[in-house]
Amino acid sequence: MGYAAVPPVERGSCSAGANNRDITFDFVKGILIILVVLGHLLQLVIYRNTDNFWLSPYFKAIYMFHMPLFMAISGYLASGTILRTSFCRAVGDRAVQLLIPMLFWCALIETAKLAAFFHFSGVTAGLLDFSRELVGTYWFLWAVLASFLLTKLFAAFNLLSKWILCASAIVIALMPITLSIVPLLRYTYPFFCLGFLFAQTIEEQANTMLRHKSLLMFSCWAVACLCFLDWGRDTYAYNNLVLVHDAQSAKQVLLMFTGSAAAAAVAAQSLFHCWRVLCSTRLARLVAVELGQSTLLLYLVQGAVFRLTDLIQFGELWDGKTRIVVASAIGAAIFGAATAVLWIVNDLGYVSRIIVGAPRRLKRSS
């Protein structure tokens, strides 16, 4: 999610800037980070104080694929680093890129909580609360880092065959560990492997997909639609914990992985097509450059905003229209705040790395 790696050029038809960077994946990431914010707005504002968001078709449509596709893109874009960079440097760079901004924004959350509630329960309790924020609020970044580390370990020992990666994805997905965010890591790791493997066999896959593209996409659409219809509250990894203990739980876990994979494939192909059609328009390039190249910062900002709003009591008596207006305002504020932060710190060297993770490699071309 937060990678600044330059994607390969075979995908897109439009590049940007003097370095001819293909920003196809930036466009896809820009759309996905919008969906991340929309999903949280549905959960924490539109359906606030209820559990009805689990049954929302909009929430379902987003959560079926947005994080799996984000993880697959992370695996795809990280493949070059995993294969060509030394273990210590690759892991160190990725840890610095992700962990330092996480620490900064979690410290900001804790400071805001302390200032708002004027309650300090001691150093030990404060550290425990900080660790919970660090792990829970930004679980996806931990999933990216863990997936990167595990895949890099396989590379370090020359064990990166597709069979070993596929086996590792299955074993990790089925491990009966439900501690903290481990179920979410087990859910997303197979998609990281899928993206990584696709990057290694892009030419072979491209030829196969061109020959059978219509059949493949029809099959993915059909599977995604069927899974959407059968998708329920217990199909989400947050609720089933990716745990198989009987026939019903096995059905839900299988439905979750199958539906997520099919929906992610449909979404990816649809977004690639949108980019090919719209890449010359100002709006599409704004999404790619301003949002897609700032997904790490946007994820950090929205996590902080939603964590703080979750601690405030509001909206009990609001009607639907009021909730939509407030959700729109919060969403706009998130993107506005992230843009302002990036504008302020983008050229400040180490300050930028602490707050943003890494500056964007591409400015908007004139």
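Each Cβ is built from the backbone N, Cα and C atoms, and glycine gets one as well.
Taken from Swiss-Prot, the feature transmembrane segment applies to 27-47 (among others). Within its own chain, the transmembrane segment (27-47) is flanked in space by residues 1, 53, 56, 58-59, 62-63, 66-67, 69-70, 73, 268, 271-272, 274-275, 279, 284, 287-288, 290-293, 295, 298-299, 302, 306, 309-310, 315, 320, 323-324, 326-327, 330-331, 334-335, which lie at least six positions past its ends and keep a Cβ under 8 Å from the stretch.
Sequence-remote contacts of a segment are chain residues at least 6 beyond its ends whose Cβ falls under 8 Å from one of its Cβ atoms, and for the transmembrane segment (62-82) they are 1, 3, 5, 7, 25, 28-29, 32, 35-36, 38-39, 42, 90, 93-94, 140, 143-144, 147-148, 151-152, 155, 160, 187-189, 191-200, 224, 227-228, 231, 236, 259-261, 263-264, 266-268. If you look up Swiss-Prot, you'll see 62-82 (among others) marked as transmembrane segment.
Look at Swiss-Prot and you will find 98-118 (among others) tagged as transmembrane segment, backed by sequence analysis.
Residues or ranges marked as transmembrane segment in Swiss-Prot: 140-160 (among others). Tertiary proximity for the transmembrane segment (140-160) is limited to same-chain residues at least six positions away from its ends with a CB under 8 Å from its CB atoms, namely 1-3, 67, 70-71, 74-75, 78, 82-83, 87, 90-91, 94-95, 98-99, 102, 168, 172, 181, 184-185, 188-189, 192-193, 196, 296, 299.
Positions annotated as transmembrane segment by Swiss-Prot: 164-184 (among others).
Feature annotation from Swiss-Prot assigns transmembrane segment to 212-232 (among others).
According to Swiss-Prot, the transmembrane segment annotation covers 253-273 (among others).
If you look up Swiss-Prot, you'll see 286-306 (among others) marked as transmembrane segment.
The transmembrane segment annotation in Swiss-Prot covers 324-344 (among others). Sequence-distant contacts of the transmembrane segment (324-344), counting only residues of its own chain at least 6 positions beyond either end whose CB sits under 8 Å from a CB of the stretch, comprise 37-38, 41-42, 45-46, 290-291, 294, 297-298, 301-302, 305, 309, 315, 318, 355-356, 360.
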- Sort out for me which stretch, of 98-118, 212-232, 253-273, has the most Cβ pairs below 8 angstroms to the transmembrane segment (286-306). 98-118
- Close approaches to the transmembrane segment (164-184) from elsewhere in its chain (Cβ under 8 angstroms; 6 or more beyond its ends): 135-136, 139-140, 142-143, 150-151, 154, 190, 193-194, 196-197, 237-238, 241-245, 257
